[in-house]
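S.K.: Feature annotation from TrEMBL assigns domain 'GHMP kinase N-terminal' to 65-149. Marked as ATP binding site by TrEMBL: Pro93, His94, Ala95, Arg96, Gly97, Leu98, Gly99, Ser100, Ser101, Ala102, Ala103. Look at TrEMBL and you will find 225-284 tagged as domain 'GHMP kinase C-terminal'.
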Amino acid sequence: MSALTGRPVRVHVPATSANLGPGFDALGLALGLGDDVVVTPRGEGLRIDVEGEGAADVPRDERHLVARVLLATLGRLGVAPGGLHLACTNRIPHARGLGSSAAAIVAGLLAARALVDDGASRLGDAEVLDLATAEEGHPDNVAACLLGGLTLAWDDGGRTGVLRHDPDPGTAAVAYVPPGGVSTHEVRRLLPATVPHADAAANAGRAALLVQALTRRPDLLLPATQDRLHQAYRAPAMPGSAALVERLRADGVPAVVSGAGPTVLALVPAADAPGLAAAAPEGFAAHVLALRAEGATAAPA
Ligand SMILES: Nc1ncnc2c1ncn2[C@@H]1O[C@H](COP(=O)(O)OP(=O)(O)O)[C@@H](O)[C@H]1O
Ligand SMILES: N[C@@H](CCOP(=O)(O)O)C(=O)O
């Protein structure tokens with residue numbers, strides 16, 4: 001019979017950028033920015049403290065995304081938690097296309113696994129990925145969050161297949177984050193049910209090229225990040241971001257909409273990143289982010 005260890009755990013979950021241009025719902029990249037959650041078993045009741053991103057908005061009860069996934073996973077493991085205290089330090093902006101919901105889901109899953117004495121043997125990494133994918137609705141962010149690096153994820157007959165690559169060490173990201181967000185769920189509804197064959201064919205070729213460009217041929221990042229499947233359809237919901245992508249690309253900078261947007265991500269030589277961030281247009285907060293090789297971690301707090 002499984003039981004809580006009774007000891008607190010600390011989970012770190014990285015931000016991720018999905019799609020990266022042509023890799024819609026498949027490619028994900030872990031970034032050097034992340035949330036921390038410390039979960040401490042206590043007598044009874046759920047207490048949630050939040051500082052940083054989303055602190056003014058997220059619920060402080062069972063509807064809180066980390067708590068909801070954590071409690072559901074403990075239930076799946078057959079453990080009644082008594083009480084729990086969650087201390088959340090959030091650095092990933094919400095609803096900006098940097099994988100905050102994927103990070104919250106992965107945090108809940110990994111915390112539950114670490115809180116239970118035989119959690120690691122009962123909930124393997126592949127099952128965590130499957131559960132996270134089911135909760136998020138697409139595998140790209142959760143795969144990169146769990147494994148780190150550049151991930152390629154696919155539906156493998158109901159399971160989630162994943163392949164991980166080390167990103168090119170000389171490449172960094174500049175994230176241009178606008179003040180307002182969009183809900184991923186909402187902007188997924190802007191996508192058409194079918195697309196022209198020529199667009200699908202173009203994206204398939206670019207996505208294959210992008211894996212090479214992001215791992216060992218950064219000189220090919222500009223053609224490799226060209227998308228014809230999602231960015232244009234979502235542009236009306238984020239005209240400022242669409243204009244910034246167009247402007248950067250016209251200047252030869254490999255820029256994409258990060259995830260479902262509206263953040264714009266440029267993938268550039270690390271030495272060029274500070275200058276590009278300094279030239280951010282008014283209204284965008286620019287952050288230079290390393291590409292993170294490590295995935296999410298859970299350890300005793
Ligand atoms: N750390 C968190 N704690 C609680 N809820 C979160 C957290 N991160 C994200 N969420 C929830 O997920 C929503 C954002 O999800 P989504 O629209 O998919 O955007 P994103 O691109 O940031 O993943 C937030 O508005 C919030 O409801
Ligand atoms: N492939 C998804 C990626 C969503 O990423 P997020 O960080 O915006 O949640 C999509 O494009 O809808």
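Heads up, the Cβ atoms here are built off N, Cα and C, so glycines get one too.
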S.K.: For the domain 'GHMP kinase C-terminal' (225-284), give the DSSP counts of helix residues, strand residues and coil residues.
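M.R.: Per DSSP, the residues of the domain 'GHMP kinase C-terminal' (225-284) fall into 28 helix, 9 strand, 23 coil.
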S.K.: Using a 10 Å radius around each Cβ and counting other Cβ atoms from all shown chains, which of the binding-site residues Ala95, Ala103 yields the largest count?
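M.R.: Neighbour-count leader: Ala103.
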S.K.: Let me check the 10 A CB neighbour count of Gly97 (ATP binding site). How many other CB atoms are there?
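M.R.: Gly97 (ATP binding site) is surrounded by 32 other Cβ atoms within 10 Å.
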S.K.: Among the binding-site residues Pro93, Ala95, Ala103, name every one whose Cβ is found under 6 angstroms from ligand 2, counting any of its atoms.
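M.R.: Qualifying residues: none.
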S.K.: Would you mind checking how many other C-beta atoms are within 10 angstroms of the C-beta on Pro93 (ATP binding site)?
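M.R.: Step by step: centre on the Cβ of Pro93 (ATP binding site), count other Cβ atoms within 10 Å, giving 22.
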S.K.: Work through the binding-site residues one by one (Gly99, Ser101) and point out the residue whose CB has the fewest other CB atoms within 10 angstroms.
M.R.: Ser101
S.K.: Which residue counts does DSSP yield for the domain 'GHMP kinase N-terminal' (65-149) in the helix, strand and coil classes, in that order?
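M.R.: So the counts come to 52 helix, 9 strand, 24 coil.
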S.K.: Determine the binding-site residues, out of Pro93, Ala95, Gly99, Ser101, lying near ligand 1 in the sense that the CB is under 6 Å from one of its atoms, and give them in sequence order.
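M.R.: Correct list: Ala95, Gly99, Ser101.
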S.K.: Can you list the residues of the same chain, besides Pro93, His94, Ala95, Arg96, Gly97, Leu98, Gly99, Ser100, Ser101, Ala102, Ala103, whose Cβ falls within 8 Å of the ATP site's Cβ centroid?
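M.R.: What remains near the Cβ centre is Ala15, Ile92, Gly259.
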